[in-house]
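Trainee: The transmembrane segment annotation in TrEMBL covers 62-85, 97-115, 136-160, 172-191, 203-222, 275-296, 317-339, 359-383, 404-425, 437-455, 490-508, 528-545.
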Amino acid sequence: QPHLGLKYLEQRTRNYVHAATCIIDDMEEAHLSNNINAAGRAASEPELNVSSEVGRDRGRSWGWMLSAFICLNILILGCALVSGSASNNVKISTSDLQVFLIILLLLTSIWMIYYTIYMRRTENAVIYKDEHAGPIWLRGGLVLFGILSIIMDIFKIASYVGYLHCDSAVKVAFPVVQLVFVIVQTYFLWIHSKDCVQLQKNISCCGLMLTLSTNLALWMAAVTEESLHQTVLPDYEVNVTKLSARSLYISKAGYGDDSCKCSHTSCGVFKEAYYYLYPFNIEYSLFASAMSFVMWKNVGRVASEHSKHNFKFTLKDIVIGPVVGILLVIAGLATFIVYEIEMKTYRSDDDDINDHAVMMHFIMNIVIVTMMSVSTVIGCAIFKVDHREHVSEKNPTRSLDVGLLVGASMGQFIISYFSIIATIATGAKGHLNRLNLAWGVLMVFQLGLQNFFIIEGLHREPFHEVEDNEKSEESCFEGHKHKLLWKRRVLREVCVFLLLGNIILWIMPAFGARPQFDHDTEVEFYKFNMWAAIVNVGLPFGIFYRMHSVASLFEVFLNS
C-alpha cells in the first residue's frame, strides 16, 4: 500500500541518517583524538628540548659562578696584599706581594699553554668565532704594549741584579716570570681572542677568569708601585709647591733601603728608562683584561655566521679631517717637546720661564679639546638627520666596548672635576688658573660629547647596507645617493679628525706630561699626597680611554 510504503521509506531514511551521523561523529572523535595525541607528542618534544637546554644552561651557569667566585677571591686577596705592601705600618713587604703575583703568573701561563695545545690537537675544537671580538687594531695595540712591557721587564731585571747582594732575589724573579707571561699571553690572545668555546666550558670559564683576575692584580700592583714612587716625599727644606714635578716623580724611583747600594753604575739609567714605560705596562694589563672578559662571555655562545661586515679602509675624498688632524698632532708634539724640555731643566730661581711652558701646554690642550668638541657636535648633528637603523644584534664585544669607553672616561672626569673645584675655590686668580679652569670645563664637555658620538656610531647599521636596501628606490628618488655620500663624507672627516686628536691627547700623558703637578693650585688645595693619589688613579684610565677611543672611532669610520 502506498501509505505503508511511504512510512517504510521514511523509517529507512531516518535509520540511514542516524547511521551516517554516528559514523561522522565517530570520525570526528577519532580525528580529534589523533590531534590531541599529536599535540601531546609535539608538546612533549619541546619540553624535552627545553629541559635539555635548561640543563646545558644550568651547567654553564655553574661554570660562570665558579669562575666569578675564583676571580672575586683573587682580586680581594690581591687588593689586600697590594694595600698592605703600600703601607709602612703593615708588615707585608713588596717581596710577599711579588711571590703571590708569581704564583698567579705561573698558573695562568700553564693554563693558556694547555688551552692552546688542547685546541690545536682537538679536531673542530672551535666551531664558532665572534668576528667582532679581538679586531686587528686591538690585537695590534696589545702586541705593541706587550713589546714595551717586555722592554720594561728587561730594564727592571738589569736594575734589580745590581741589588742582589743586599736585597731579595724575588725582585729579580718577578720581572723574569712576568716577561715569560707577557709573551705567552700575547700569543694566546692573538690566536684565540675570537673563540666561542664549546668544549670544556667550565674549565675554560675558570681559566679565563684566572687570566682576567691575574691581569687586574698586575694592574693594581703597577698603579700602586708607580703611585708610591710619586707620593712619598723626601724631606726637603724648601716649599713642596716650589719643587718641580719631575723632582717629585723621580726622587722616589729608588728600591730597597738607602743602605742597599747598586753594584753597577747603570742602575739610575735603567730606573729612569722603565719609569717612562710604566704607562704602557698598565695599558697592556687593561687590554688583556678586556679581551679575556670577552672570551669569558663568549664561552658556550653560538655566534651568528653573518654578523661580520667586511670593509675596506680608504681615505678617498677625505681631505679636511686628515689634514687638520695631522697639523694638530704636529703642533701638539712640538709644544709638548718644548714643554718637556723646559720642565726637565727646572729652575727654581726663574718661575716665569716655567710658567710660560705650562701656559703654552694649557693653551695647546684647550685648542685641541675645543676643536674636537666642535667637530663632535657636527658629527652628532649628522646622526640626527641620519635614518640608518640601530643594530639589533646583541653582542658581548659591543657591550664591553661601550662599558670600557664610559668607565675609562671616569678617570679623566675625576681629574677634571677635582681640578675645577680647586681652581674655583681658590678664586681662579692669574692667567694660569683661568686657563686651567677653561681646560677642565672644556675637557668635561669634550668627553661627554665624544662618548655620545662613539656610542651612537657603534650602534648604527653600516651605510652600505642602507645602500643595498634602497637601490631599488634610487630610480624614484634622484639625489638620494648624493645625500648619502655627503653624510658619509662628513662622518668620515669627523672620525679621522677625532681619531688623530685622541692620539695626541694619548701621547702627551703617556710620555710624561704632568701639568697636574707642574701647576701648584691643586697641590696647595688638596695637599700633595691626596692630589697625587687622585691623579695616579685617574690618569691610567684617562690614557686607556684615549687609546680605546682611537679603536672605537676607527670602527665608526669603517661603518660610515
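Just so it is clear, glycine is given a Cβ too, placed from its N, Cα and C backbone atoms.
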Trainee: For the transmembrane segment (317-339), I need the partner stretch with the highest count of C-beta pairs below 8 angstroms, choosing only from 97-115, 172-191, 490-508, 528-545.
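Mentor: Checked against 97-115, 172-191, 490-508, 528-545; highest Cβ contact count belongs to 490-508.
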Trainee: Test of understanding: applying the rule of at least three C-beta pairs under 8 Å (pairs 6 or more apart in sequence), is the transmembrane segment (437-455) touching the transmembrane segment (275-296)?
Mentor: no
Trainee: At a threshold of under 8 Å on Cβ distances, which of 136-160, 172-191, 359-383, 404-425, 437-455 pairs most often with the transmembrane segment (97-115)?
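Mentor: Stretch with maximum Cβ contacts: 172-191.
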Trainee: Could you check whether the transmembrane segment (203-222) packs against the transmembrane segment (490-508) - three or more CB pairs closer than 8 Å, residues at least 6 apart in sequence?
Mentor: no
Trainee: For the transmembrane segment (62-85), could you work out the same-chain residues 6 or more beyond its ends whose Cβ comes under 8 Å from its Cβ atoms?
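Mentor: Beyond its ends, the transmembrane segment (62-85) has Cβ neighbours at 92-94, 96-97, 100-101, 104, 201-202, 204-206, 208-210, 212-214, 216-217, 220-221, 224, 296, 299.
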Trainee: Same chain only, please: residues at least 6 beyond the ends of the transmembrane segment (490-508) with a C-beta under 8 Å from a C-beta of the stretch. Say none if there are none.
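Mentor: Counting only partners 6 or more residues beyond its ends, the transmembrane segment (490-508) has Cβ contacts under 8 Å with 315, 318-322, 324-326, 328-329, 332-333, 336, 365, 368-369, 371-372, 375-376, 378-379, 382, 450, 453, 457, 543, 546-547, 549-550, 553-554, 556-557, 560.
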Trainee: When you scan the chain for residues with a C-beta under 8 Å from the transmembrane segment (404-425), skipping those not six or more beyond its ends, what do you find?
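Mentor: Contacts of the transmembrane segment (404-425) (Cβ under 8 Å, skipping residues fewer than 6 from its ends): 290, 433, 436-437, 440-441, 443-444, 447, 451, 454-455, 516, 521-522, 525-526, 531, 534-535, 537-542, 544-545, 548-549, 552.
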Trainee: Give the nonlocal contacts of the transmembrane segment (359-383) in its own chain as ranges (CB under 8 Å, at least six residues past its ends).
Mentor: 321, 324, 328, 331-332, 335-336, 338-339, 431-432, 435-436, 438-439, 442-443, 445-446, 449-450, 452-453, 456-457, 460, 487, 490-491, 493-495, 497-498, 501-502, 504-505, 508, 513, 515, 518-519
